[in-house]
Structure formats: structure tokens, C-alpha cells
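If you check Swiss-Prot, you get these features:
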BINDING   13, 14, 15, 16, 17, 18  FAD binding site
BINDING   273-287  NAD(+) binding site
């Protein structure tokens with residue numbers, strides 16, 4: 001059947017990338033179709049039941065600032081919230097939400113089903129319709145043809161997915177779900193640069209068989225933080241504890257004894273696993289000097305006894321999994337509900353993409369999520385939103401948009417993938433960003449919500465809330481600049497009494513806030529401030545880090561000069577005099593779009609960038625005089 005409706009955007013896959021892509025396109029007013037192999041698994045958390053963490057929560061806040069669904073779903077489904085790095089600087093603080101899988105998934109599905117301009121259809125996609133070098137639509141498993149101006153592919157681990165438990169293997173995109181074999185084959189036919197990666201998950205444990213009394217209790221923070229700028233603590237369901245235990249020498253001996261049947265150590269798995277989320281067998285091998293490793297027992301939800309033992313991801317045979325689990329303190333009688341496994345899947349070299357996440361080879365075809373070599377819900381969601389908004393803009397022949405490295409962690413993510421490529425699952429960290437003082441969790445809305453409004457991603461309710469917040473920040477900052485404390489006035493005396501600090505001359509409340517040991521809470525008490533915690537936090541960070549932030553703005557201004565120098569798409573690097581063969585080859589492989597991107601390619605020297613710039617200028621002069 002040839003489906004009668006022509007869509008602006010078709011999104012294949014209903015995971016974290018797919019849902020954000022579909023919602024973004026639909027919010028922008030495009031007729032959008034979300035194809036999923038199973039409506040019941042929309043927004044499913046395939047691995048750990050958590051959203052956020054170091055570097056990752058920054059992405060979640062950016063998705064949220066652009067009107068995305070992930071942060072609000074985390075607030076509606078979060079059963080424990082914590083601020084990580086709370087004693088460190090504002091740039092590296094991160095929010096983490098332990099999520100109830102069922103509640104999180106329900107929140108995502110509710111958002112999808114109530115989104116205007118969005119149709120959902122349950123069918124696996126088997127084929128892409130490509131005419132010349134342009135995608136025209138999709139053919140499903142049943143042979144239904146859907147036509148579209150653009151297609152976003154967010155297939156997760158389903159492309160050619162193979163599940164491994166010990167030396168046993170089976171086809172699967174996730175435990176209990178079939179892989180996408182036909183689509184994987186079709187993509188290989190299109191001559192896109194394909195590789196194999198792997199990821200894994202731990203065995204799930206029945207909480208009733210665990211002795212928590214011998215473990216360390218890990219409660220959430222109180223008062224509980226929220227993930228979304230539109231979130232509220234009243235959205236949170238019941239809050240629960242997590243628990244910490246450790247592996248031991250006996251555990252490690254059991255694992256070593258099973259390595260001869262490990263698919264990772266017998267060459268059965270060829271795909272590279274995530275460096276920063278290694279399996280337990282990988283930890284034992286790589287960190288052989290360590291006597292133990294932490295295991296975090298995380299509840300999967302409020303209405304289930306299932307626990308996620310974070311830290312023992314494994315693909316060892318089940319009999320070895322059984323022994324290693326029962327060797328851990330507090331888990332001597334543990335009952336395994338589901339075995340751990342590894343999954344190997346196809347991904348495509350992200351260097352074959354444009355910055356909009358459109359493939360260079362096929363016009364109108366966009367990739368997002370694990371298909372691009374990333375790992376994590378947050379990385380997937382960020383790419384999905386960007387791919388969805390750019391597919392939507394292309395569908396209406398509008399100029400596409402991707403944030404720069406100084407605008408968002410999303411920009412860092414995309415630039416890293418396309419400039420550097422990846423041969424292992426890519427995970428976001430704050431350390432990957434040069435301008436992390438400017439790219440904080442708390443100011444994601446300041447950086448992106450105005451842009452999101454212009455793009456059509458941000459609705460009236462969010463926009464009104466953002467404007468109200470920014471007006472409050474402005475008003476309160478101005479007020480504090482005109483409230484004065486002096487050694488002999490009541491406010492000055494109260495300040496000295498409250499803080500024990502010296503006050504030798506008259507200071508504004510803003511000047512007092514600049515002091516290292518003074519926080520906004522103290523200033524609020526001193527001056528009778530009634531603004532929200534969010535507004536107070538923004539003011540405090542802006543005041544305390546003003547000098548550092550100004551220096552970063554100067555660095556960004558220098559970088560922008562390189563960003564503004566575009567490299568023509570057909571630029572011939574072979575004619576650049578003085579470039580080494582190695583650097584020429586690297587530039588021809590990546591084909592950077594700007595001099596700034598060229599400067600970030602490993603091995604490309606500042607001198608080489610200078611030579612390219614000189615050649616571009618010469619070419620431009622020649623064109624002008626011709």
C-alpha cells in the first residue's frame with residue numbers, strides 16, 4: 001500500500017533520540033510520523049533507570065530549554081534526585097534522577113500522544129526509498145510505503161543487533177525485541193561507513209532476596225532538586241533510597257575463572273564497548289590492582305521489586321553471573337530476575353554527517369543516537385532534537401541550525417563526533433567543553449530558550465515562564481546593587497553578626513555576594529529577598545564567576561574569527577602549498593566546514609590552518625578580480 005499522506009518528517013525509532021526528534025519536528029508545525037516496532041516501548045529505558053549525571057544533565061537541561069520532553073519526564077518519573085559535585089564549582093555540578101521505568105515511559109508516551117502534528121504508527125521500517133542522492137520515504141515490514149521530505153533514523157542498538165550471554169548468541173535489538181536486519185542491510189548497500197560497537201547491561205535482582213542491612217544507604221537530596229526548568233517538586237512521586245555494596249576478591253576470582261567463556265575475551269564480540277561504563281569483567285582485567293569495585297543497587301520502580309545493580313554489567317555465562325552475584329556482600333541469597341547480556345550492533349562513522357546530522361551522501365536523511373556511535377539516553381535525546389529540528393527546517397527549505405561549542409554541550413557533542421569521529425561509544429563529560437563556565441546547568445535556558453522560541457520549539461507557557469524568570473533576575477540584581485551595608489548601619493551590623501566577616505567600608509549587597517564564603521541565602525535573609533531559589537542561584541553564579549566568564553567570552557570572540565572563515569565544500573587541499581601529505585589526507589577525510597573545525601582535527605597544526613586560510617583568501621581575491 002502507498003500511504004496517501006505525505007509527511008514533512010518521518011522518524012524511525014521510538015527511543016530517546018526518536019521521541020525528541022519527532023516531538024521537535026511536530027512542535028515546529030511539521031507533519032510528522034513516528035514509526036516504532038512497538039508502541040508499548042516508546043521512551044523505554046533499555047539499560048540503567050536514571051537520567052542525568054556528570055555532563056549528561058547539562059544535555060538534559062539543554063533539551064529542556066529547547067522545549068524537549070526528557071527533563072519533565074524525569075521529574076514525573078524520578079524516585080530519587082541528587083546533585084553530584086555539589087561541593088565543586090557551578091560549572092561541573094550535575095543533577096541525577098533515579099527513575100521509575102514505568103512512570104518515565106508513561107510520561108513520554110503521554111507527551112507523544114498529545115502532541116499536535118504527530119502521528120504514531122507501529123511497524124518496523126525495512127527499507128528507505130532513495131531516488132538519486134535524496135531520500136523520499138520509508139517502506140515498512142508490511143510493505144506500506146510512507147513518503148516524506150526528510151527521514152530521521154534513530155535505531156539505537158537494533159541495526160544488526162546480536163545479544164551475547166557467554167558463548168551463546170541470538171539476534172535481538174534488546175532483550176525480548178527483534179533486531180532490524182533488513183534496514184541494516186539496506187544501509188550497508190548505500191555505502192555508508194559502517195562499524196560495530198557493543199554495550200551491556202547487568203543481571204536484574206529481586207529486592208526481596210537482598211540483605212540491605214549490611215549495605216550503605218544512599219538517600220536522595222533534601223530538599224529535592226528538579227530536572228526541568230518547568231519542573232516542580234510536587235511532580236515527584238514517592239522518593240526512595242539506593243544502596244551501595246562492593247565486589248571482593250572472591251567475586252574477582254569467579255570472574256577470572258569464567259573469562260574463557262566470555263564473548264569479550266574469546267574474540268566472539270568484535271565491537272568496542274564503552275570506555276567509561278566498562279563491564280565487570282573489563283574492570284577486573286583493566287584494574288587488576290583493585291581489591292573491590294562499588295555496586296549501586298538502584299530500584300527500577302515503585303511498583304516492582306526489581307533492582308538494577310549498577311557496576312556489574314556483564315556478558316559472562318549465566319552460571320558465572322549467578323556465582324558472582326551471590327559472592328557480593330548482602331547478595332548471598334540474591335535471586336536473578338533477568339540475566340545480564342552484551343549487545344553488538346551497527347553504527348555509522350559520524351564523520352560522514354554534516355553538522356545538522358544530515359548524511360553527506362543522502363540528502364534529507366538524518367542520523368541520531370547510538371547509530372552515530374554515542375552511548376547514553378541524554379546524548380541520544382540531544383542528537384534527536386537537533387536532527388528533528390533540522391529535518392523540519394529542511395522540509396520547509398529553511399536554513400538549518402546547530403549550536404556552536406560555546407553555546408551548548410549539544411554543540412560540543414556534535415562537533416566532537418563530526419570533527420574527531422569515534423571508534424568507541426562516545427559519552428559526554430564536562431571536561432570535553434572548553435567553555436564550561438558558560439555552559440552550566442543553571443543557565444541552559446538563558447543560552448537556548450530564546451533561540452528555541454525563534455525556531456518554533458518553545459511554546460507560549462514555557463516562554464512566559466522564562467521571560468518571568470529573567471525579569472526577576474534583572475529586578476533582583478538591580479535591587480541588590482542599590483542596597484547598602486556600612487560598618488555602622490543596621491544591615492552592616494547584621495551582616496557582621498550573621499557571618500563573622502569583616503566590614504570596613506560601605507558595600508552593596510552585590511559586592512557582599514562576591515565574597516567567597518557568602519551565599520545568596522545569607523544575602524536574601526539580610527535584605528529581605530523573596531525571589532525563587534532558581535533566580536537566586538542564577539544571580540549568585542553570575543556575580544561570583546563574573547571575571548572568569550568575561551575571560552571566556554574573550555576566548556570565544558577569538559574563536560569566532562576562525563568560525564566565520566568558511567571552507568568551501570569543493571575546496572582542493574592538494575593545491576595548498578606546504579601541507580604535509582598526512583595533514584592533507586586528514587582534511588580531505590573530515591572536510592571541515594570552517595577553519596575553527598579544521599583546527600580541532602588531531603594532528604592539524606596551527607601552521608596548517610594558516611596555510612589553508614591564506615589559500616582561501618587567495619582564491620577569493622582571484623574570483624573578485626576575474
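Quick reminder: no glycine exception, Cβ is built from N, Cα and C everywhere.
Features per Swiss-Prot, on structure.
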residue : record              : DSSP (3 states)
13      : FAD binding site    : coil
18      : FAD binding site    : helix
273     : NAD(+) binding site : coil
281     : NAD(+) binding site : helix
287     : NAD(+) binding site : coil
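Counting neighbouring Cβ atoms within 10 Å of each of the binding-site residues (16, 275, 283, 285), the lowest count belongs to 275.
For residue 13 (FAD binding site), the nearest of the binding-site residues by C-alpha distance turns out to be 277; the candidates were 277, 279, 281, 285. Less than 8 angstroms from the CB of residue 281 (NAD(+) binding site) sit 255, 258, 259, 262, 264, 265, 314, 315, 316, each of them six or more residues away in the same chain. Neighbour density for residue 273 (NAD(+) binding site): within 10 A of its CB lie 21 other CB atoms from the protein chains shown. Taking only the Cα positions, the spacing between residue 275 (NAD(+) binding site) and residue 16 (FAD binding site) is 21 angstrom.
Here the candidates are the binding-site residues 273, 283, 287. The one whose C-alpha lies nearest to that of residue 16 (FAD binding site) is 273.
Sitting within 8 Å of the Cβ centre of 13, 14, 15, 16, 17, 18, and not among those site residues for FAD, are the Cβ atoms of 11, 19, 20, 21, 36, 43, 154, 156, 369, 380, 384.
Within the same chain, residues at least 6 positions away in sequence whose Cβ sits under 8 Å from that of residue 14 (FAD binding site) are 22, 34, 35, 36, 37, 38, 39, 41, 42, 43, 120. Rounded to the nearest whole angstrom, the C-alpha distance between residue 279 (NAD(+) binding site) and residue 18 (FAD binding site) is 27.
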